[in-house]
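A.B. asks: Mind looking over this structure? Questions follow.
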Amino acid sequence: MDKTATGKEEAKWTFWLLTAGISTTFGAAIPTGYNIGVINAPANFIKDWCNETIFETYGTVLTEGELDTFWAVVVSIFLIGGVVGSLGGAWLADRLGRKRSYLTCGFLLVLGGICFQFCRAVSSVELLLLGRVLVGLAAGLTTSTVPMYLTELAPIELRGALGVFCSMGVTGGVVVGQILSLEEIFGTDELWQFALSFYVLLVITFFVPYHWLPESPKYLYVIKQKRDEAINEIKRLGGKNVKDEYIKQQIESMRSEDIPNSISDDEETQRSKPKQRSLWSVLTDPTLTLPLILVCALQGGQQLSGINAVFFYSVSIFESVGLSSTNAKFANLGAGCLNLFVAFFTPMLMEKFNRRFLALLSCAMCAVFLFALTFVVYFINHVSWFSYASIIAILLYILFYQIGLGPIPYFIGSELFEVGPRPAAMAMGSISSWGCNFLVAMLFTTLQSAWGAFVFLPFTVTCVLLTLLLKYYLPETRGRHISSIVPLVSNGFRSKPLVPWS
């Protein structure tokens, strides 16, 4: 029963699986990415408005350096909100449930959008900052709870395919935000507030089916001990023609997480134990150390692999081959579209290929092309065709990033942890992601000025180290019950997760 919990004919996309996936992707994941991508293009217009508003309100004229510092706060406070939102995700996921955690994401996103829309009308930079904090909180909550919610809804065979919906949404949201913030659309002195708040239409539209969305059966069965409600949700998720055998197998899968393997406690004693785990209890449990390191390393490594830095640097590289500044920005947008295009294929990749293979291939090849990018950028003025080689290196890096390092970190925690410690683990992974994102945002420009082309070397080293960690300690999770994965990584760095399985 390790490879699959059901016959292949039962692993199908049903109405409620698709509805939950689409609703959470467009209602929370895309708005999260949107708020990452929308802020750059109209930055100068917003900075000018901030300077004028601060003068009108406080009688203070900011110097250029002070204005740059203030703008850094506007941008980075979103990332800090992401860290705080991730931390609250563990508590909300257990107290409110997976479904209502998603509702909280939507509520915060709408409030943030309202702040963006009216900050200019009431001449309040404080409202702009509040909006950035709120959408940051929503972003952290989204990345820590939505992938967990989706993977707990899905049958084992579709767990990875549904789990990557969140990463697809974030990737797509970044591109949509970049497009709508162009000067040709909303990125102007008169319309930038509409660029910042436009995503609210998506949130409101795709929260329409919220009332009918299923709650996670595993949350109901294991955490809330509501067996009958959990079974009803399984039946709904399975569709009209769901078979009794499928329902029994799903119940058995939940029971295996509800009652851990034990030789000293009988079944009733295990049932009476609290299934919710505090963040501290997860951090101090030695059996969870290795999977927690894997989750945090993958989520943090996703940011420290340099994806944002590559997009930032690629504009100057496109300019080096003769493109104008405007065309270079459009070319950079095209690179983002490539990132999104590859992301559309990730559900199929997760369904057909092993996680371990994709993660190792992605990390290793990202390291190769980051090193190649360092080399060609360093010698770009000495070899004429190196400008084109650098573009190829960027595009290949994006391609390999998106097949593994992009999507897998979002949901891998749901496959390495049982239901009890899962919210805390997902929260720690999300904190690692937003924290490392903040680190790159704060340090990259400074390091670029000091190191030049060698700024990509730390990202290269990160990918190499991540490849080694995954090679020796990441078990294969595709098509396997959580209860069969957990023991493989329960002995810390003495674990042997690569043992053959049948």
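Even glycines carry a Cβ here, placed using N, Cα and C.
So TrEMBL says this about it:
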DOMAIN    21-478  domain 'Major facilitator superfamily (MFS) profile'
REGION    258-277  region 'Disordered'
TRANSMEM  70-93  transmembrane segment
TRANSMEM  105-123  transmembrane segment
TRANSMEM  129-150  transmembrane segment
TRANSMEM  162-180  transmembrane segment
TRANSMEM  192-213  transmembrane segment
TRANSMEM  279-300  transmembrane segment
TRANSMEM  330-350  transmembrane segment
TRANSMEM  357-380  transmembrane segment
TRANSMEM  386-412  transmembrane segment
TRANSMEM  424-444  transmembrane segment
TRANSMEM  450-474  transmembrane segment
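Each of these features: where is it, how hidden is it, and who are its neighbours?
C.D. replies: Here the domain 'Major facilitator superfamily (MFS) profile' (21-478) returns a mean pLDDT of 91 for the predicted model.
Distant neighbours of the transmembrane segment (105-123): 27-28, 31, 35, 49, 53, 56-57, 85, 130-135, 137-138, 141-142, 145-146, 193-194, 196-197, 199-200, 203-204, 207, 210; these residues of the same chain sit at least 6 beyond its ends, with a Cβ under 8 Å from one of its Cβ atoms.
Non-local neighbours of the transmembrane segment (129-150) in the same chain are 20-21, 24, 28-29, 31-32, 35-36, 73-75, 77-90, 92-93, 98-99, 101-102, 104-106, 108-109, 111-116, 119, 162-163, 165-167, 170, 196, 216, 410-411, 413-414, 422-423, 426-427, 429-431, 433-434; each lies 6+ residues outside the stretch with a CB under 8 Å from one of its CB atoms.
For the transmembrane segment (330-350), the residues of the chain that approach it from at least six positions outside its boundaries are 37, 160-165, 167-168, 171-172, 174-175, 178-179, 311, 314-315, 318, 323, 358, 394-395, 398-399, 401-403, 406-408, 478, judged by C-beta separation under 8 angstroms.
For the transmembrane segment (386-412), the residues of the chain that approach it from at least six positions outside its boundaries are 143, 147-148, 150-151, 159-160, 163-164, 166-168, 171, 294-295, 298-299, 301-302, 305, 307, 310, 314, 317-318, 320-321, 335, 338-339, 342-343, 346, 349-350, 355, 358-363, 365-366, 369-370, 372-373, 376-377, 379-380, 429, 433, 463, 466, 477, judged by C-beta separation under 8 angstroms.
Listed by sequence, the residues of this chain that lie at least six past the ends of the transmembrane segment (424-444) yet keep a Cβ under 8 A from its Cβ atoms are 72, 75-76, 79-80, 82-83, 85-90, 93, 139-140, 143-145, 147-148, 277-279, 281-283, 288, 291-292, 295-304, 306, 308-309, 312, 409, 412-414, 416-417, 455.
Tertiary proximity for the transmembrane segment (450-474) is limited to same-chain residues at least six positions away from its ends with a CB under 8 Å from its CB atoms, namely 290, 293-294, 297-298, 301, 304-306, 309-310, 313, 355-356, 359-360, 363-364, 366-367, 370-371, 373-374, 377-378, 380, 405, 444, 489, 493, 495, 497-498.
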